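Here's what TrEMBL has on this protein:
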BINDING   LEU113, GLY117, HIS118, LEU119, SER361, PRO362, PHE363  (6S)-5,6,7,8-tetrahydrofolate binding site
DOMAIN    2-392  domain 'Serine hydroxymethyltransferase-like'
MOD_RES   LYS222  N6-(pyridoxal phosphate)lysine
SITE      HIS221  site 'Plays an important role in substrate specificity'
Amino acid sequence: MQRDEQIFELILDEQDRQIHGLELIASENFVSDQVMEAAGSVLTNKYAEGYPNKRYYGGCEVVDIVEQIAIDRAKALFGAEYVNVQPHSGSQANTAVFAAVLKPGDKILGFDLSHGGHLTHGSPVNFSGKLYSPVFYGVDQETGVLNYDKIQEIATKEQPKLIIAGASAYSRDMDFARFREIADSVGAILMADISHPAGLIAKGLLNDPVPHCHIITTTTHKTLRGPRGGMIMMGKDFENPFGLKTPKGETRMMSALLDSGVFPGNQGGPLMHIIAAKAVAFGEALTDEFFRYSLQVQKNAAAMAEAFVKRGYNIISGGTDNHMMLIDLRNKNISGKDAEKALVAAEITVNKNMVPFDDKSPFVTSGIRVGTPAITTRGLVESDMETIVELIDRVLMNHTNEDIIEQVAEEVNELMGERAMFVF
Ligand code: PLP
């Protein structure tokens, strides 16, 4: 077969973009060589429907061991009793949990998408808002921070079956113990979606949801620095409180319901190459080096937030506890859409983002979201954050000036071009 030069040249172009640009998308990271190697391995050829030692296909002896290692490492990393490493993505992890614990039409309480929540937490354009009945909590307009008394009020009024604690664009730590009190007061299941801060949580740098939340979902490719994928965990298994039965009419433990929510409920064959890459990434995340990396992610975000504030930028909630921040650009007279476009032209990648109480559409938005996981993998430290913020500020204040944008792009290439792509 002839080599597909068209696609491989495009892959090289993308590699070049990743090497020479400044990657500030809060949900992205760069995996290590060995994670990449596992993801690109012969395990992609294997069908393995089912779970280790309970498969519907022959020849699974090797992949059984791989999946069990991934499970065991994830358990050690998060202190969890139950882990399912098969969800193809964060969205599919959430889909599987909902399928396991809810019936269509059940009420769910999630973080408002326009305040920082995720599509799968009840947005009307997503299955979660179409199949279930969503209600939302959000941040206070004045502080930009969650108000737990208000969340309690909403929960008491709405009596949801499931409460979701988690977000895609919230820069503060979450009080999972308080969420659990709220969930218990209305008999709801509490699910934490830690897709964004998972790596920082694993290394003890943020509040731990595992002792407090019934179920925890996460992606594996953000602060956790693994391959694209999802995962479901529980600190302790428990009997499904709603008495939901399996299709055969049996009452089962949550572990069994969650497993069948993933397969056969929502997926067919697991991506064994990705599960191998997850195992490698969890092995890396268990090391002290990964603690130092995660701490640096957090320190870089704090330094970046401080540099933005010094330049008069309005960070929602005034700062950050984790790896990211949401910047309201309304006082800078530029939309999120225009900011994203100008920054991308300067080889600084961010995403436009709605800010709480935004008056612009999701296609335009008033803000941008920035994060430090990827640039920290490239070896940048606190002292680089002032430089980056100065570059961003120069672009945003001159976003129609092509010469200035080109000059910034050159400075970005100088800053990033010589740095190693991977740290491990
Ligand atoms: N949950 C949260 C909080 C997220 O931020 C994301 C991704 O951005 C997801 C779920 C979905 O992950 P995926 O894109 O892998 O479906």
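Cβ atoms here come from the backbone N, Cα and C positions, even for glycine.
Bear in mind that the values here come from a model prediction, so they are computed numbers and not experimental data.
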Site diameter for (6S)-5,6,7,8-tetrahydrofolate, Å, by largest Cα distance between LEU113, GLY117, HIS118, LEU119, SER361, PRO362, PHE363: 16
Distance from the residue listed as 'N6-(pyridoxal phosphate)lysine' back to GLY117 ((6S)-5,6,7,8-tetrahydrofolate binding site), taken between C-alpha atoms, in Å: 16
CB within-chain contacts under 8 A for LEU113 ((6S)-5,6,7,8-tetrahydrofolate binding site), separation at least 6: LEU119, HIS121, GLY122, SER123, MET354
Candidates near ligand 1 among the recorded positions GLY117, LEU119, LYS222, judged by a Cβ under 6 angstroms: none
Spatial neighbours, same chain, of PHE363 ((6S)-5,6,7,8-tetrahydrofolate binding site) - Cβ under 8 Å, 6+ residues apart: LYS337
Site with most surrounding Cβ atoms, counting all protein chains shown within 10 Å, from the binding-site residues GLY117, PRO362: GLY117
Cα proximity to the residue listed as 'N6-(pyridoxal phosphate)lysine', best match among binding-site residues HIS118, SER361, PRO362: HIS118
Residue pair HIS118 ((6S)-5,6,7,8-tetrahydrofolate binding site), HIS221 (site 'Plays an important role in substrate specificity') - Cα distance, angstrom, rounded: 16
